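Presented below is the structure to which this report refers.
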């Protein structure tokens, strides 16, 4: 699962939801909820009342020097939650006991923002020592990144604990690939308790950020071994992308915007691109080839408010996947290593 943004704030719609205590998360994997422990919107209200402001300031500071960081933090959160639940496992460095997720193929040389989360964690520790988990910080940083880019507010509960281990193998197996068939990607989502609509909605995070050329270059020159470009890719978009990503290995790490229409603005232009045949990744454009997903894409392309509302709902679901609470996890002192 790599934002600056302006319009389409939907805060008024979602503020009414923020007072809800979400006590029914979706622990479909990665640990069960211990209901003797609180997990709710106000979890840090007394123990760390300045938490949101600290995280918000940290994300803003990073964004001022790196406009890509919003997309990177959102992707980091998605990649964390999608592999055995939201437990900050993606932040762990390798140890003698395990090879972690940082160097798994979907994350190696592409996942970013570790230093931002570690810096925010240090600020939080200064204000509220041994109180806030790294996974809650990452989850909140992702939401602040969406808001900063002009996306919707969505309610979050807190009280997640950090995991004790990470798995490179699990990341390689569980994270969706941009060249996988849509059926495979959907299967990976449903295995987490998500559904086909969530596939379409969460793919909309590609309204911001960039992709490295190697993730889509075969569409430009040798689509499915034909020696020709993907015939579904609109001709002017094809020519532009071939200029960004020439057919040589040296271009593999070059970057192209996932949404060339509004690269740093969180909006519904991503879906408009798909309708027009200018989606960047195979996995994105494939959403138009299935009648069920195509109908959702078309709806979002013409209704930005519907997309914002559904994105908020799916992000709340994502943030509750497989969480750890109570003694099932810990509050790390530093996010890169267990205590």
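Our numbering is plain: 1 for the first residue shown, then up by one each step along the chain.
From the backbone N, Cα and C atoms, a Cβ is placed for every residue, glycine too.
Whatever TrEMBL says is automated annotation, not expert-curated.
What TrEMBL records for 79 is active site, proton acceptor.
Residues or ranges marked as Ca(2+) 1 binding site in TrEMBL: 80, 83, 85, 87, 89, 101.
Positions annotated as substrate binding site by TrEMBL: 176. Cβ neighbour count for residue 176 (substrate binding site): 22 (other Cβ atoms within 10 Å of its Cβ, all protein chains included).
Proximity of residue 206 (heme b binding site) to non-local residues of its own chain (separation of 6 or more, Cβ distance below 8 Å) is seen for 258, 259, 270, 280, 281, 284, given in sequence order. Annotated heme b binding site per TrEMBL: 206, in sequence order.
Marked as Ca(2+) 2 binding site by TrEMBL: 207, 259, 267. Note: residue 207 (Ca(2+) 2 binding site) has non-local neighbours 258, 259, 262, 265, 266, 267, 268, 269, 270, i.e. same-chain residues 6+ apart with C-beta under 8 A of its own C-beta.
Here TrEMBL flags 48-128 (among others) as disulfide bond. Annotation for residue 128 (disulfide bond): spatial neighbours 44, 47, 48, 50, 51, criterion Cβ-Cβ under 8 Å with sequence separation of six or more.
If you take the C-beta of residue 81 (disulfide bond) and look for same-chain residues 6 or more apart in sequence within under 8 angstroms, you find 318, 319, 321, 322. Among the features that TrEMBL reports, disulfide bond is placed at 81-86 (among others).
Under a cutoff of 8 A between CB atoms, and with a sequence separation of 6+ in the same chain, the neighbours of residue 335 (disulfide bond) are 88, 91, 92, 114, 117, 118, 121, 134, 137, 138, 162. What TrEMBL lists as disulfide bond is 134-335 (among others).
When Cβ atoms from all protein chains are considered, those within 10 Å of residue 245 (disulfide bond) total 24, not counting its own. Taken from TrEMBL, the feature disulfide bond covers 213-245 (among others).
Per TrEMBL, domain 'Plant heme peroxidase family profile' is recorded for 38-339.
Taken from TrEMBL, the feature signal peptide covers 1-25.
Taking the Cβ of residue 83 (Ca(2+) 1 binding site) as centre and 10 Å as the limit, one finds 30 other Cβ atoms among all the protein chains shown.
The separation of residue 101 (Ca(2+) 1 binding site) from residue 245 (disulfide bond), Cα to Cα, is 28 Å.
The two recorded residues, residue 176 (substrate binding site) and residue 101 (Ca(2+) 1 binding site), have Cα atoms 14 Å apart. Within 10 Å of the C-beta atom of residue 213 (disulfide bond) sit 21 other C-beta atoms, taking all shown protein chains into account.
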